[in-house]
């Protein structure tokens with residue numbers, strides 16, 4: 001079971017800025033363990049954010065993204081008190097969705 | 001030869017005077033400020049808070065009655081007063097060794113076994129998250145380690161001895177790198193840990209999230225790496241020697257502000 005993301009969303013004027021800290025190993029598949037065996041790749045493949053039923057950000061990620069990634073994006077609109085939800089799916093099929101209230 | 005050198009010098013003068021050159025330390029500070037917004041130590045803080053309240057271990061109890069020096073269960077402000085003397089164990093203890101005591105006496109874990117566990121594995125992982133949570137509760141508070149008990153004074157003197165003890169294949173001591181102002185290893189400026197602001201900044205920034213290893217390092221893990229770099233054997237997790245060093249640096253850093261858990265390269 002993966003740990004929750006830390007999401008902060010702030011509205012300023014007509015722009016909402018969202019900052020997300022994701023807890024994930026993001027193993028590249030290029031590293032070897034102590035015994036010399038390759039550590040299997042394990043990384044987030046897609047990440048997206050939904051506000052008001054619409055996808056406001058979506059991205060495809062690969063093995064080159066660092067461990068515990070930080071992602072920041074902004075979208076037009078957004079009201080304080082509304083919710084933004086962020087979800088990811090990794091290459092093992094694990095999923096996680098977390099929500100944050102816009103402030 | 002002389003002419004070309006002069007020419008070079010003349011060429012260099014212009015850009016230097018046009019914009020004050022940014023030092024390496026400024027560059028590193030900028031990098032840290034950029035990442036501070038998304039310091040992954042926060043993930044460890046959140047996990048640590050959960051672990052603090054969760055009933056665990058053979059006795060299935062939480063750590064909420066653990067006395068970190070300010071009374072059972074008091075977390076806020078405890079970090080900036082550690083290491084300190086504890087009457088129940090009759091030892092000076094830092095945060096990690098105190099947590100080991102609580103995990104053993106309250107939750108029924110085997111402290112010696114956890115101390116032997118490699119960093120980042122098993123219950124050591126639990127400890128790191130707890131350390132992140134507890135230190136974060138004292139963020140922006142001022143270091144004020146007690147020095148009233150004779151054991152605390154003794155620990156300071158032992159720590160000082162250890163700090164200046166030279167040995168190993170390179171004849172290093174902690175003081176070789178951290179005993180003077182303006183020293184560095186390659187591009188990294190080294191804090192002078194014998195006085196402030198060096199001691200406050202240096203000691204006060206651990207535990208920290210290390211971007212290079214993607215892990216949260218406790219002070220004990222940081223000291224382990226210091227010993228590795230000196231080619232010394234590590235005195236052992238939560239050993240009296242490492243705690244004494246913590247007392248020495250912490251007392252020297254009195255008045256410094258805690259930024260832990262910080263973000264390091």
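Indices start at 1 and increase along the chain as displayed.
Even glycines carry a Cβ here, placed using N, Cα and C.
The active site, cysteine persulfide intermediate annotation in TrEMBL covers B:226. According to TrEMBL, the feature heme c 1 binding site maps to B:66, B:102. Feature annotation from TrEMBL assigns heme c 2 binding site to B:174, B:177, B:178, B:226. According to TrEMBL, the feature substrate binding site maps to B:222. Summarising the annotation, TrEMBL assigns domain 'Cytochrome c' to B:154-265. Under the heading signal peptide, TrEMBL lists B:1-18.
Taking the centre of the Cβ atoms of B:174, B:177, B:178, B:226 as the heme c 2 site, the nearby residues of that chain (Cβ within 8 Å, site residues left out) are B:163, B:172, B:173, B:175, B:176, B:179, B:190, B:193, B:230.
Residue B:226 (active site, cysteine persulfide intermediate) has its Cα within 10 Å of the Cα of these binding-site residues: B:174, taken from B:66, B:102, B:174, B:178. Sequence-distant neighbours of residue B:102 (heme c 1 binding site): residues of the same chain at least 6 apart with a C-beta under 8 Å from its C-beta are B:63, B:66, B:67. Sorting the domain 'Cytochrome c' (B:154-265) by DSSP state (H, G, I as helix; E, B as strand; all else coil) yields 46 helix, 16 strand, 50 coil. In sequence order there is nothing to list: of B:174, B:178, B:222, B:226, none of the recorded positions comes within a CB distance under 8 A of chain A. Under DSSP, residue B:102 (heme c 1 binding site) is assigned to a helix (H, G or I) in the three-state scheme.
A straight line from the CA of the residue listed as 'substrate binding site' to the CA of residue B:174 (heme c 2 binding site) spans 13 Å. Residue density at residue B:174 (heme c 2 binding site): 23 other Cβ atoms are found within 10 A of its Cβ, drawing on all protein chains shown. In the three-state DSSP reading, residue B:66 (heme c 1 binding site) counts as coil.
Mean pLDDT for the domain 'Cytochrome c' (B:154-265) in the predicted structure: 90. Once Cβ contacts within 10 Å are tallied over all protein chains shown, the recorded positions B:66, B:177, B:226 are led by B:66. Taking the Cβ of residue B:178 (heme c 2 binding site) as centre and 10 Å as the limit, one finds 19 other Cβ atoms among all the protein chains shown.
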